[in-house]
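This report concerns only the one structure given below.
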Amino acid sequence: MASPAGANRRFAAGFDPYASSTNADAVAATTDAAALKAKEAGFDPVSPSGKKVNKYAHLIPAHKQRASGINLDLLRWAWQQEEFVGLVYTILSLITRLWRIGDSKVVVWDEAHFGKFGSHYLKQEFYFDVHPPLGKMLVGLAGLISGYRGQFEFKSGEAYPEDVNFVGMRVILAMFGVAMVPLAWFTSGGLNWNWRARHFLTLMVLLDNGWLVISRFILLDSMLLCFTFTTVHGLVKFMQYRHLPFSKSWWFWLAWTGASIGCVSSVKWVGLFVTALVGVFTIEDLWEKFGDLRMPVRTYARHWCARVLCLIFLPLSIYMLSFKLHFMILSRSGPGDAQMSSLFQSHLRGNDFGLSPPEAGFGSKITLKNMGYGGGLLHSHVQTYPVGSQQQQVTCYHYRDNNNEFIITPPWNEPQLPANYSESEEPIRMVKNGDVIRLVHDQTKRNIHSHNVAAPVTKENLEVSGYGDEEVGDHNDHWVIEIVDDMVHGKVPKDAPVRSLTTRMRFRHKNLNCYLRAANAVLPQWGWKQVEVSCDKENNPKDEHTWWNIENHWNDRLPPGDNALYKSPFLRDFIHLNVAMMTSNNALIPDADKEDILASKPFDWPFLWNGLRMNSWADNSIKFYLLGNPLIWWASSVSLFVFAGTWLWYMMRRQRRIHDLSPNDWAHFLYVGKIAMFGWALHYLPFLVMARVCYLHHYLPILYFAVLMLAHLMDHFLWRPTTAVYAIAGKSRKPLSEGTKNLTFAVAVAATFTTFWWFRDNSYGFHGDINNHPGLKWRKSWNIY
C-alpha cells in the first residue's frame with residue numbers, strides 16, 4: 001500500500017490520489033459550468049431561437065450547439081452526460097436480461113429450491129435453509145406481486161401450471177441483474193478511468209453469458225451480485241469524498257456502503273467477503289488519519305464512531321431485521337420446525353406442543369431436544385455401527401420422525417411399568433431431579449446405552465448405542481437426571497420436577513459418569529450424515545451440547561398444559577438459527593461414494609474448465625448451460641497475474657530510484673489495483689480451504705473483481721493519457737495516438753461482443769437436439785454435447 005505519511009503530504013500540497021490526472025476532466029467541468037450558467041440565464045442550447053443566444057453563445061462549446069439539420073452535436077453532448085449513458089446501458093441491460101425470459105416453462109435448476117422457499121413465505125410455513133432470509137423473502141414478495149399464492153411445489157423439471165405467473169417472478173428478480181450494468185458504469189466513474197475503460201467494463205458486465213443466465217431465473221444469485229456491486233460502488237464513491245469528512249455526500253455514501261453490506265450479507269454469507277474488502281480500506285483509511293498529526297483527537301474519534309455506526313451497527317441491524325421479519329412472517333408450523341428451539345416451536349400455529357402435559361412422569365413418551373445452538377433431536381434407527389460395538393446407532397436428527405420418540409422407564413433394579421400402565425389407577429410417579437431412568441426407543445425398544453467403547457468420530461468420548469429390549473438390558477442403560485435450571489422459573493430446588501419445554505437438564509451415565517452429548521461432529525454416510533451422539537467423560541456444566549429439554553410429551557394419565565404462555569427470546573432464536581445454518585452449511589461436503597457431475601473445484605473456475613448443465617438435456621427441453629463469456633473469463637484471470645508482475649516490476653525500479661509513473665498515476669495504479677486484487681483474493685481464497693461442495697456459480701461474484709482488474713490494466717497500458725506510452729530503441733517515451741487507442745478499444749469490444757453472441761444460446765436456451773448447435777465445445781471438459 002502507499003505510504004500514509006506520503007499520501008498526506010501529497011494531499012496537503014494539493015495532490016489527491018483519487019482525482020483524475022488528465023486535463024480532459026477539467027475542460028469538461030469548465031464547459032459544463034459554462035453551459036449551466038447560460039441555461040440559468042435563460043438560454044436553451046437545444047433551441048437556437050432563445051432571446052439570449054448571441055449574449056451567451058460564446059459560453060457554449062461548439063460540440064454542444066445544434067448542427068444544422070440533424071442533432072448530431074446534441075447527441076454527442078448527451079453521450080457525454082454520465083446519467084444519459086447510464087440510462088442507455090440500463091435499456092440494453094433490460095433487453096438482454098428479459099428477452100425470451102419465459103421461453104422455458106418448467107422449473108429450471110435451483111428454482112426448485114428458492115421458488116419453494118418463496119412459497120413458504122406466502123403460506124407462512126416455517127422452513128429451514130442454509131442461507132439468510134432476505135433474498136428468499138424477496139422471492140416471496142416477487143410471487144406476491146405476480147399473483148402467486150404458494151400453491152405450487154416447484155419440483156425440479158416440472159411444468160409450471162397456468163395459474164402460476166412464473167414469468168412475472170422471473171422478471172421481477174431479473175431487475176437485480178439489470179441493475180448490475182448501470183452500477184458498473186457509475187462505479188467506473190469513481191475510478192477516474194479514461195472513457196474507453198469505463199465503457200469496456202460496463203460492456204463486459206453486459207455481455208458476460210454467466211452473469212446473464214444466472215439473472216433470468218428464480219434464484220438468489222442476481223440479488224447477491226447486485227448487492228455486491230452496490231457495496232463496491234458505495235466504497236468507491238465514499239473514497240472520492242474521503243477528504244470532505246462529515247459532509248452530506250460523505251455521510252450518504254458511508255451509509256450506502258453499510259446498507260449494501262447489510263443487504264448482501266442477508267442474501268448469502270458470501271457477502272461477508274465483500275464486507276472484508278470494505279474493512280481493509282476502512283482500516284487503511286483510519287491508519288492514515290492516525291498518522292495525521294494535524295487532526296484533533298476528537299475529530300479522529302468521530303471518524304471511528306461514524307464507521308462503527310454505518311459499517312457495523314447499520315449492516316448488523318439490517319441483518320437482524322431480516323431474521324425478525326422472517327420469524328414474524330413464518331408463523332405457522334412447517335418442515336423446518338425441528339431446527340429451532342422447543343420454546344420457539346411452541347408458538348407456531350398448528351404446533352401441538354401447547355397440549356403437552358406440563359410435567360413428565362414415568363411412562364411418558366417424549367422427544368429430547370439438544371440445547372446447543374443448532375441442536376437436533378435425539379434419534380435412533382435400526383441401522384448399526386459398522387465400527388465399535390456394532391450395536392444400534394444413536395444420533396441427533398433435525399427433522400420430525402417417529403424414531404425420535406423415547407419412553408421414560410424405571411431402571412432395571414426397580415419395579416417396571418405394567419403393560420396396561422396407561423389405564424392403571426395407581427398414582428403416577430413424576431420424574432424429578434436426581435432420578436435414575438432408562439430411555440427406551442419407542443420404535444425398536446432398544447435402551448439408550450453407553451460403555452467403554454470409543455465413539456466413532458469423537459474418539460476421546462464413549463460410544464452411545466441402542467442395546468437390549470424390554471426384557472434384556474444391564475446397568476449401562478441407566479442415566480441420572482441432573483437439572484441445570486428452568487428457562488421460566490430460573491434456579492430450581494434439588495427435587496424439582498422435570499417440566500416440558502423449559503427444564504434444561506443433563507443425563508449422566510450412572511456407572512461411567514460421562515454425559516450424553518451431541519455437538520457438531522457428523523457421522524459418515526453409513527450414519528446418514530446425522531450428528532454423532534456420544535458420552536463425554538469431561539464434566540463441564542456450562543457445555544450446552546450436554547443440555548437437553550423435553551420437546552414433545554405424550555402421557556394420557558397427565559393433564560394437558562398451556563405452554564403458549566412461555567416466550568422465546570428473539571436474540572436466542574436469532575443465534576440458534578444462525579448456528580444451525582452454519583452447521584448445515586458445513587455438512588454440505590462432497591460424498592466420495594457418489595459422482596456429482598454439477599460440482600466443480602475452485603481451481604476450475606478462473607479459466608472455465610467446466611460448465612454446468614442447469615436442467616434436463618433431453619431433445620424436447622430448452623437447455624441452459626451455465627458458462628461465462630470465455631474471452632472475459634480468460635482475459636480477466638490473466639490480468640490478475642499481469643498486475644502482480646507489473647507491480648513487482650515497478651517496485652523493483654522504484655527501489656533503484658527509477659520512477660516510471662508520476663505520484664498521481666502511481667497512486668491511481670495502486671488504488672484501483674487494491675480494490676480489484678484484494679476483492680478477488682478475499683472472495684476466491686476462502687473457497688480453497690472450504691470443505692463444502694462447490695459449484696461454478698460461486699465464482700460469479702469473484703468475477704467482478706477480475707473484470708475490474710482487466711479494465712484497469714487496459715486503461716493503464718492503452719488508454720490513460722499519462723501512462724499509455726511507448727518507447728522505441730531507447731528513445732523518449734511517446735503517448736499512444738488517439739487512433740491506436742480507438743483501434744484497441746474497438747477490437748476489445750468487438751471480440752467481447754462476438755464471443756457473447758457465439759455463446760448466446762447458453763443463456764437464452766438451446767432448442768431441439770444439442771448437436772444442431774456446433775462449435776461450442778472450446779474445451780474438452782465442457783459437457784455441452
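One-based numbering along the chain as shown.
A Cβ is built for glycine as well, from the same backbone N, Cα and C atoms used for every other residue.
What TrEMBL lists as domain 'MIR' is 357-411 (among others).
As annotated by TrEMBL, domain 'MIR' applies to 428-484 (among others).
Mean model confidence for the domain 'MIR' (495-553) is a pLDDT of 95. If you look up TrEMBL, you'll see 495-553 (among others) marked as domain 'MIR'.
Residues or ranges marked as transmembrane segment by TrEMBL: 167-188 (among others). If you look at the transmembrane segment (167-188), the same-chain residues 6 or more away from its ends with a CB under 8 A from one of its CBs are 82, 85-87, 89-90, 92-94, 97-98, 101-102, 115, 118, 138-139, 142-143, 145-148, 197-198, 201-202, 204-206, 211-212, 214-219, 222-223, 225-226, 229-230, 232-233, 236, 711.
Note on the transmembrane segment (200-230): residues 89, 92-93, 96-97, 101, 108-111, 114-115, 118, 131, 134-136, 138-139, 142, 166, 169-170, 173-174, 176-185, 187-188, 193, 256, 260, 263-264, 267-268, 270-271, 274, 614, 624-629, 632-633, 636, 696-697, 700-701, 703-704, 707-708, 710-711, 714, 745, 748-749, 752-753, 755-756, 759-760, 762-763 of its chain, located 6 or more positions outside it, place their CB under 8 angstroms from a CB of the stretch. Feature annotation from TrEMBL assigns transmembrane segment to 200-230 (among others).
The transmembrane segment annotation in TrEMBL covers 250-283 (among others). Cβ atoms under 8 Å from those of the transmembrane segment (250-283) belong to residues 131-135, 220, 223-224, 227-228, 230-235, 237-242, 244, 306-307, 310-312, 314-319, 322, 585, 674-675, 678-679, 682-683, 686, 698, 701 of the same chain, restricted to positions at least 6 beyond its ends.
Sequence-remote contacts of a segment are chain residues at least 6 beyond its ends whose Cβ falls under 8 Å from one of its Cβ atoms, and for the transmembrane segment (304-323) they are 132-134, 137, 246, 251, 254-255, 257-259, 261-263, 265-266, 275, 278-279, 282, 286, 574, 577-578. What TrEMBL records for 304-323 (among others) is transmembrane segment.
Taken from TrEMBL, the feature transmembrane segment covers 631-650 (among others). Counting residues 6+ beyond its ends, the transmembrane segment (631-650) has Cβ neighbours under 8 Å at 204, 207-208, 210, 606-608, 660-661, 666, 669-670, 673, 676-677, 680, 703, 706-707, 709-710, 712-713, 716, 751-752, 755 in the same chain.
Annotation comment: TrEMBL describes 671-693 (among others) as transmembrane segment.
The transmembrane segment annotation in TrEMBL covers 699-719 (among others).
Among the features that TrEMBL reports, transmembrane segment is placed at 740-759 (among others).
Secondary structure counts, DSSP: the domain 'MIR' (495-553) has 6 helix, 29 strand, 24 coil. Residues of the domain 'MIR' (428-484) grouped by DSSP class, helix first, strand second and coil last, total 3 helix, 28 strand, 26 coil.
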